[in-house]
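If you look up Swiss-Prot, you'll see R42, R93, T124, K185, R292, T293, R294 marked as GTP binding site, on the strength of sequence analysis. If you look up Swiss-Prot, you'll see C49, C53, C56 marked as [4Fe-4S] cluster 1 binding site. Per Swiss-Prot, the feature S-adenosyl-L-methionine binding site maps to Y55, G97, S148, M219. Look at Swiss-Prot and you will find C287, C290, C304 tagged as [4Fe-4S] cluster 2 binding site, backed by sequence analysis. Residues or ranges marked as domain 'Radical SAM core' in Swiss-Prot (evidence: sequence analysis): 33-251. Annotation source Swiss-Prot lists region 'Disordered' at 1-31.
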Amino acid sequence: MTVTALGVPTVRGRSEGSAVASDAPGDGPLLDRFGRSATDLRVSLTDRCNLRCGYCMPAEGLNWLPGEQLLGPAELARLPRIAVTPLGITSVRFTGGEPLLARHLEEVVAAAAQLRPRPEISLTTNGVGLAKRAAALAEAGLDRVNVSLDTVDRAHFAAVTRRDRLTDVLDGLAGARAAGLTPVKVNAVLDPETGRQDVVELLRFCLEQGYQLRVIEQMPLDAGHQWRRNALLGSDDVLAALQPHFRLRPDPAPRGSAPAELWLVDAGPDTPAGKFGVIASVSHAFCSTCDRTRLTADGQVRSCLFSTEETDLRGLLRAGAGDEAIEAAWRGAMWAKPAGHGINNPDFLQPQRPMSAIGG
């Protein structure tokens, strides 16, 4: 069996993090050198997952992060607290891997819900197991969910995820809706071969069920580094596939820093009206308005999904650092954020960590 290593990027230690932070503002918003303010925190709880989507993970053989390297519940309460006050984070999203595999998920959500000012709290999940936990998560303080679902065709789903769990995901969506975790959003990464067919049925399903579809261009974040730009099913391809079947109009509302370009769908003979979005991270990059900062399951700050460097907050935590030192390191990490991801540059290098070890 071939074992795929997670890969460890260049990590700034405590001394390096402090040096970078000296150039960053010492208070106020969490800024980078280009004037962008990070207000959206993505927190990965685990790198493990119970599906094996080909664009993210190999079928087998992926080395997991050792348990002692993962942040514990107390650390996962403290870091978001620092992020909200004094760093000004207003939205916290818990991700994985698959965050439902984290046994302390409800505890971590409840801690975030106690923060003041209270951030919006959301979850990105594959939906397997969500039906049983949606009500408890809502009670803990979760506001809404995004559920990953690339197709409603059972055979296509099994081929993409290497697991026959479509019914579980559909049940999870329904459970989230029943628990009031709305709007329920569906994240779809389309297969280059079947995606044009899948997206038509997926949008029809979402409109009928009252979910909001988000189609996300496949990015170079797979563990096997098999992504190819010339195989991309881009946003223009998605719209071309949908337009023969639906009446679409651009949403006139200001987009702001949101990653999705939204489209309104007029009611048709067989479908209600609604909206969907396309996140064109590759073909129409939105790096200039990015407002995200990322915390990996092992306590590293990443300023971008495609960063080649990380800043170690776990080391600071476990060395007994105070909140001010952690804040300074975080500010330094974000101050060094690049202008863009560079995917379309000839010298682009794919991150060593796959998406499962970063957090979406």
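A Cβ is built for glycine as well, from the same backbone N, Cα and C atoms used for every other residue.
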For T293 (GTP binding site): intrachain residues, at least 6 apart, with Cβ closer than 8 Å: L30, A38, D40, L41, R42, A83, I89, V301, R302, S303, W330, A333, M334
Tertiary neighbours of S148 (S-adenosyl-L-methionine binding site) (same chain, Cβ under 8 Å, six or more apart): C53, T124, T125, N126, G127, V186, N187, A188, V189
Cβ-centroid neighbourhood (8 Å) of the [4Fe-4S] cluster 2 site, C287, C290, C304 excluded: R36, A285, F286, R292, S303, L305, K337, P338, A339, G340, H341
Which same-chain residues, if any, lie at least 6 apart from R93 (GTP binding site) yet have Cβ under 8 Å of it: D40, L41, R42, V43, I121, S122, L123, T124
Listed binding-site residues C49, Y55, C56, G97, M219, C287, filtered to Cα within 10 Å of R294 (GTP binding site): none
From Y55, G97, C287, C290, the binding-site residues whose CA lies within 10 Å of that of K185 (GTP binding site): none
10 Å Cα neighbourhood of G97 (S-adenosyl-L-methionine binding site): matching binding-site residues from C49, R292, C304: C49
Residues near C287 ([4Fe-4S] cluster 2 binding site) in space but at least six apart in sequence (CB under 8 A): C304, A339, G340, H341
Cα proximity to C49 ([4Fe-4S] cluster 1 binding site), best match among binding-site residues Y55, M219, C290, R292: Y55
For R294 (GTP binding site), the number of other Cβ atoms found within 10 Å of its own Cβ: 24
Candidate with sparsest Cβ neighbourhood (10 Å radius) among C49, C53, C56, M219, C304, the listed binding-site residues: C53
